[in-house]
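Read through the structure below, which is laid out as structure tokens, and then see the notes.
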2 protein chains.
Amino acid sequence: MTERSPLAVPFPLLPPIAGARPAVARARYKEWDRCDLTFVALDEGTSVAGVLTNSKCASPEVEWCRKALTLGSARALVVNAGNSNAFTGNRGRAAVEALAARAAAHLGCQPSDVFVASTGVIGVPLPIDKAEAGLDGAFGAAECGWLDAAEAIGTTDTFPKGAVQRAVIGDRAVTLVGIIKGSGMIAPDMATMLGFIFTDAAVEPGFLQQLLNHANRRSFSCITVDGDTSTSDTVLAFATGKVGNAPLASFDDPGADAFAAALDALCLDLAHQVVRDGEGASKFIEVQVTRAITDGSAHRIAMSIANSPLVKTAIAGEDANWGRVVMAVGKAGEPAERDKLSIRFGNTIVASNGCAVEGYDEAPVAQHLKGQEIEIGVDLGLGAGRATVWTCDLTHGYISINADYRS
Amino acid sequence: MTERSPLAVPFPLLPPIAGARPAVARARYKEWDRCDLTFVALDEGTSVAGVLTNSKCASPEVEWCRKALTLGSARALVVNAGNSNAFTGNRGRAAVEALAARAAAHLGCQPSDVFVASTGVIGVPLPIDKAEAGLDGAFGAAECGWLDAAEAIGTTDTFPKGAVQRAVIGDRAVTLVGIIKGSGMIAPDMATMLGFIFTDAAVEPGFLQQLLNHANRRSFSCITVDGDTSTSDTVLAFATGKVGNAPLASFDDPGADAFAAALDALCLDLAHQVVRDGEGASKFIEVQVTRAITDGSAHRIAMSIANSPLVKTAIAGEDANWGRVVMAVGKAGEPAERDKLSIRFGNTIVASNGCAVEGYDEAPVAQHLKGQEIEIGVDLGLGAGRATVWTCDLTHGYISINADYRS
């Protein structure tokens with residue numbers, strides 16, 4: 001077992017969400033004695049939205065969810081940990097269908113109301129006997145808390161990850177909770193990892209999807225651990241409506257702005273926790289790119305920096321090697337002018353106008369780099385485009401986790 | 001000092017090239033007792049071609065060479081090791097101009113006939129006093145062999161790298177030799193690292209450029225160590241013409257095909273040696289992608305695999321984790337169909353038609369992965385596009401070299 005990340009944050013107190021009842025069970029997908037199947041029963045009337053990986057080799061679970069999302073309603077979520085079921089051909093597809101059918105039979109709903117997500121090794125079909133036994137066990141089990149669910153969906157995660165936000169819609173206070181797993185193979189492409197959000201608010205599925213897309217663009221799509229996009233990235237948001245607010249259908253509805261802001265904050269919190277549990281991470285790094293020609297260009301430059309092994313190892317070594325940031329800007333394939341560029345570590349500008357600043361004093365930068373929260377700023381001096389992304393450093397821990405064992 | 005790469009190959013016997021006289025000197029760009037300035041005097045009539053980094057933050061040396069290449073003739077090459085002079089503003093530009101002027105004064109030629117390349121830390125202006133003293137020393141020194149030059153241009157390289165090829169043009173036997181340096185920050189974008197090729201053949205500069213572009217596309221542009229493109233990548237080819245063949249100006253000329261093939265082979269040999277000296281490398285990995293929709297698409301998929309930290313750490317761990325290859329294909333952003341894909345390690349197909357092969361036996365794959373030369377094959381089953389690229393594994397050695405010291 002890998003040690004708990006030094007960047008770990010405590011699991012917050014997450015309240016129950018009316019209309020959503022999580023339960024966990026032991027499917028024993030691997031040789032371990034822990035819960036690895038999570039089942040969340042959802043009341044009738046629950047709307048759903050989701051963002052899924054753009055991988056060309058997406059898992060059958062992702063394909064299943066993509067299809068089910070077109071209907072906009074949900075009655076259950078099933079999450080398997082320890083086996084991603086990706087790249088398993090017809091057997092993998094059959095396993096997802098069987099699992100959805102069995103959950104539907106338990107609940108008396110359509111299989112298309114059942115959302116399925118799996119995470120773990122690629123290429124091994126999900127053992128349907130274990131999955132069904134686990135599902136039956138979870139269906140018969142008592143409702144659990146979100147912490148149990150957050151632990152049950154994890155794989156190489158070193159700490160359980162969750163977040164909560166509240167908003168007021170009209171005269172009702174609504175609550176949003178989210179749980180997420182992810183540590184390696186993190187470079188979400190429009191979606192990410194496995195993340196699940198539950199709210200008691202009533203939100204029309206189309207509008208919920210619009211809000212989730214927006215939140216995703218500024219959170220899950222702005223993090224990377226290793227630049228490796230998973231075949232199973234899935235974020236689903238379920239709105240049970242149990243709080244009884246007038247359903248949100250557009251930004252014209254009272255409370256929609258507050259709900260959107262809460263969802264944005266929730267997704268950002270969850271995304272940051274994934275970075276904090278990045279494999280081998282010892283530093284949490286925020287990369288801010290400003291004055292690029294467009295936001296998209298700023299994002300691609302920020303990701304080029306955040307994915308550079310040389311930048312990430314320099315931060316691991318607490319080395320103020322800003323030349324590697326220059327390199328990463330230069331290779332991004334985006335408009336940049338060397339002689340207009342300025343670079344900042346923490347609050348200290350280290351280089352500007354194409355060279356190191358006059359009388360550059362490394363002391364405050366060295367001090368900043370000794371901390372666990374690192375900030376790299378790049379000002380391109382070209383336009384109004386900006387982006388912020390988050391990553392972690394690249395350490396011996398990453399190599400140990402991914403090379404020193406046989407999968 | 002880092003240990004010699006386990007993948008190192010012996011330095012071949014490189015003959016002198018008539019019309020090219022290398023010499024080395026100690027400019028002492030760093031606290032070391034070794035030659036770090038290389039000066040190659042070239043006879044009048046030498047033609048030149050080059051490929052240079054596409055980095056948006058290219059060094060002043062790269063800009064200098066780009067301009068000088070438009071003239072097509074060369075009288076000298078100066079290479080500094082230990083300081084890349086990149087991102088140093090006006091002072092860096094002035095240093096290159098001064099160095100070229102001084103070499104031109106020694107030789108009685110134009111500064112634009114002098115080619116300059118530097119490698120090492122980014123952001124520190126090249127100390128012009130050291131550079132000029134080193135240049136003067138090299139000018140006064142005796143001619144050295146290519147091995148001395150190959151050692152003098154190296155930085156974190158753990159072994160000197162060179163190659164030789166011969167071809168017959170008409171009734172003349174011509175010789176091509178090349179030396180190269182590079183170990184980290186290797187992901188050439190049309191060009192790469194510092195590589196220098198010398199031939200006694202007579203080749204018109206325009207045709208030499210055409211041949212070098214072709215060779216580059218199948219060699220330097222097909223390797224990666226860490227996906228980080230340098231600000232200083234430079235490959236220059238010098239043809240002194242001293243062998244007295246009728247100058248090659250197009251493929252219609254007798255011997256042009258033989259010369260092109262020799263140049264291709266030379267560049268590929270040099271490029272492979274850079275991968276073999278990849279920082280921390282313990283395995284040399286060839287990635288072959290076939291039946292993609294186009295060659296370009298195949299190349300991008302191959303690079304996605306070759307740059308994936310999870311694939312590279314799996315190879316380091318001798319782990320037949322082909323699911324990570326699936327992941328890297330899926331994230332490449334190129335056309336791919338999961339259910340048409342097949343994957344091979346060495347000569348063993350491990351997965352096809354969207355799942356693991358029936359009765360997959362890991363034993364021959366495990367045996368292949370124990371070796372130092374690893375082959376990964378991906379057949380996309382879509383078209384006629386193909387590409388081969390080369391990389392190395394990602395080990396603790398890479399982290400140690402890049403994170404465990406302060407630059």
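Every residue gets a Cβ built from N, Cα and C, even glycine.
What you are looking at is a predicted structure, and each value in this text was computed from that prediction instead of being measured.
Annotated substrate binding site per TrEMBL: A:Thr155, A:Lys181, A:Thr192, A:Glu279, A:Asn402, A:Ser407, in sequence order. DSSP assigns A:Glu279 (substrate binding site) to coil in the three-state reduction, outside any helix or strand.
Summarising the annotation, TrEMBL assigns active site, nucleophile to A:Thr192.
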Please report the three-state DSSP label of A:Lys181 (substrate binding site).
strand
Densest Cβ neighbourhood among A:Thr155, A:Asn402 (binding-site residues), 10 Å radius
A:Asn402
Assigned conformation of A:Thr155 (substrate binding site) - DSSP reduced to three states
coil
Go through the binding-site residues A:Thr155, A:Lys181, A:Glu279, A:Asn402 for me and flag any whose C-beta is under 8 angstroms from a C-beta on chain B.
A:Asn402
Other C-beta atoms that fall within 10 angstroms of the C-beta of A:Glu279 (substrate binding site):
28
